[in-house]
Amino acid sequence: MTTLLEQRSSANLWHRFGNWITSTENRMYVGWFGVLLIPTALTAAIVFILAFIAAPPVDVDGIREPVSGSLLYGNNIITATVVPTSAAIGLHLYPIWEAASLDEWLYNGGPYQMIVLHFLIAIYAYMGRQWELSYRLGMRPWIPVAFSAPVAAATAVLLIYPIGQGSFSDGMMLGISGTFNFMIVFSPEHNILMHPFHMIGVAGVFGGALFSAMHGSLVTSTLVRETSEVESANTGYKFGQEEETYNIVAAHGYFGRLIFQYASFNNSRSLHFFLAAWPVIGIWFAALGISTMSFNLNGFNFNNSILDHQGRTIDTWADLLNRANLGIEVMHERNAHNFPLDLASGEVQPIALTAPAIAS
C-alpha cells in the first residue's frame with residue numbers, strides 16, 4: 001500500500017511538472033526544448049565570459065606558439081577573442097577530464113570546444129522551442145523555419161567547416177576581430193567571392209535589408225487619413241499608438257507609380273511572405289556555400305589569363321582577385337617558414353603537459 005501511494009505521488013508530481021513546463025499561461029514559455037536550452041545556453045555563456053576575460057594563451061597551431069586572446073592577456077574589447085581549440089587536438093572531443101590537468105586543457109583551447117558545442121545545442125533547442133510554442137498556440141511553423149537560417153549559418157562556420165578542414169582550430173574565433181579574421185582568411189583559401197552560393201547569400205542579406213527598410217518606411221508613411229485637406233495628416237496620431245493606421249491600398253498605389261504597377265504587392269500575406277523568404281533563402285544558400293567550401297569545393301578560379309595577340313596578359317577581375325588572395329594567404333601563414341623543432345630534430349623532445357609560465 002505504501003509503495004502504491006509513493007508511485008502515485010511521484011506520478012502526480014511529474015504530471016504537474018509537465019503541465020507547468022508546457023503551459024502557455026506562464027510569463028515565459030519553457031517547454032520541453034527549454035529544459036535542454038537553459039543549461040546549455042547558460043554553460044556556453046558563462047564559459048564564454050570567463051574565457052573572453054581571463055583565458056590564458058592557446059597553442060592554436062599546435063606548434064608551441066601560444067596566441068593570447070583574452071582581455072587580461074593584453075587585448076582590448078575589439079581584439080579579444082576565444083581562441084579555437086589547438087590543431088594538436090584536431091577533431092577529437094576534448095572535455096576537461098580528457099586533459100591531464102586544467103592548465104593543459106586551457107593551453108590546448110578546451111573552452112572553445114565547450115562553448116561551441118553547448119551553444120549549438122542551445123540554438124537547436126531554441127528553434128525547437130519556437131516550434132513547440134507555435135504548436136501549442138495553434139500557429140503555423142514558419143517562425144522556426146525562418147530561424148533555421150541563422151542556425152544553419154552558425155552550424156556551418158562553427159561545426160561543418162572544422163569537420164571539413166580536419167580540426168577545430170579552423171573554426172571561427174569567438175570575438176569581433178576574430179570574426180573578421182575568419183572572413184578575410186576564408187576568401188583566399190576558398191575563393192569565396194567567386195562562389196555562386198555566396199553571391200546568392202549577399203543578395204539575400206542586402207536585399208532583405210533593403211526590402212525591410214522600404215516596407216517600414218511605406219508603413220510609416222501611408223496613413224489612414226482622419227483629417228481634412230487643410231489639416232496635417234499627422235494630426236491626432238502619436239508614435240507607438242495601438243490603432244492601426246496602415247493603408248495597403250495607398251502603399252500599393254504609391255509604389256506602383258514610383259516604379260511600375262506590378263512591382264508592388266496588393267496582398268499583405270504575400271508581401272510578408274516575400275519579406276521573410278528572401279533573406280532566409282539567401283542565408284540558407286550562404287550556409288550551404290560555407291559547407292561545400294569546407295570540403296574544398298571552392299569558388300570558380302579562372303587561372304588562365306587573357307592574352308593579346310603579342311602574348312601579353314590582359315588583366316581581368318579574376319587576375320586581380322587571385323593576386324589579392326595570394327597576398328592575404330602569405331600574410332596569414334605566419335609560421336610557414338618555421339618547421340616545428342620537435343619534428344625536425346633527431347632527438348625525442350619531451351612533451352609539456354602543463355602550460356608554460358607567461359612572462360608579465
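The backbone N, Cα and C atoms fix where each Cβ goes, and this holds for glycine too.
Lifted from Swiss-Prot, the feature list:
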| type | residues | note |
| --- | --- | --- |
| TRANSMEM | 29-46 | transmembrane segment |
| BINDING | His118 | chlorophyll a ChlzD1 binding site |
| TRANSMEM | 118-133 | transmembrane segment |
| BINDING | Tyr126 | pheophytin a binding site |
| TRANSMEM | 142-156 | transmembrane segment |
| SITE | Tyr161 | site 'Tyrosine radical intermediate' |
| BINDING | Asp170, Glu189, His332, Glu333, Asp342, Ala344 | [CaMn4O5] cluster binding site |
| SITE | His190 | site 'Stabilizes free radical intermediate' |
| TRANSMEM | 197-218 | transmembrane segment |
| BINDING | His198 | chlorophyll a PD1 binding site |
| BINDING | His215, His272 | Fe cation binding site |
| BINDING | His215, Ser264, Phe265 | quinone binding site |
| TRANSMEM | 274-288 | transmembrane segment |
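Summary of the quinone site environment: with the site residues His215, Ser264, Phe265 set aside, the chain residues having Cβ atoms within 8 Å of the Cβ mean position are Met214, Leu218, Ala251, His252, Phe255, Leu271, Phe274. Of the recorded residues, Ser264 (quinone binding site) and the residue listed as 'chlorophyll a PD1 binding site' place their C-alpha atoms 27 Å from one another.
Taking the Cα atom of each, His272 (Fe cation binding site) and Phe265 (quinone binding site) are about 10 angstrom apart. Tyr126 (pheophytin a binding site) is 32 Å away from His190 (site 'Stabilizes free radical intermediate') when you measure Cα to Cα. Residues 22, 24, 29, 31-34, 36-37, 40-41, 43-44, 47-48, 141, 143-144, 147-148, 150-151, 154-155, 158-159 of the same chain, all 6+ positions outside the transmembrane segment (118-133), place their C-beta atoms under 8 angstroms from a C-beta of that stretch. The recorded positions Tyr126, Tyr161, Phe265 differ in how many other CB atoms lie within 10 Å of their CB, and the one with the most is Tyr161. Of all the binding-site residues in the record (Asp170, His215, Phe265), the one with the smallest CA separation from His198 (chlorophyll a PD1 binding site) is Asp170.
Residues 20-23, 114-116, 118-119, 121-122, 125-126, 128-129, 131-133, 136 of the same chain, all 6+ positions outside the transmembrane segment (29-46), place their C-beta atoms under 8 angstroms from a C-beta of that stretch. Beyond its flanks by at least six residues, the transmembrane segment (274-288) meets 142, 145-146, 148-150, 152-153, 155-156, 197-198, 200-205, 207-209, 211-212, 215, 265 of its own chain at Cβ-Cβ distances under 8 Å.
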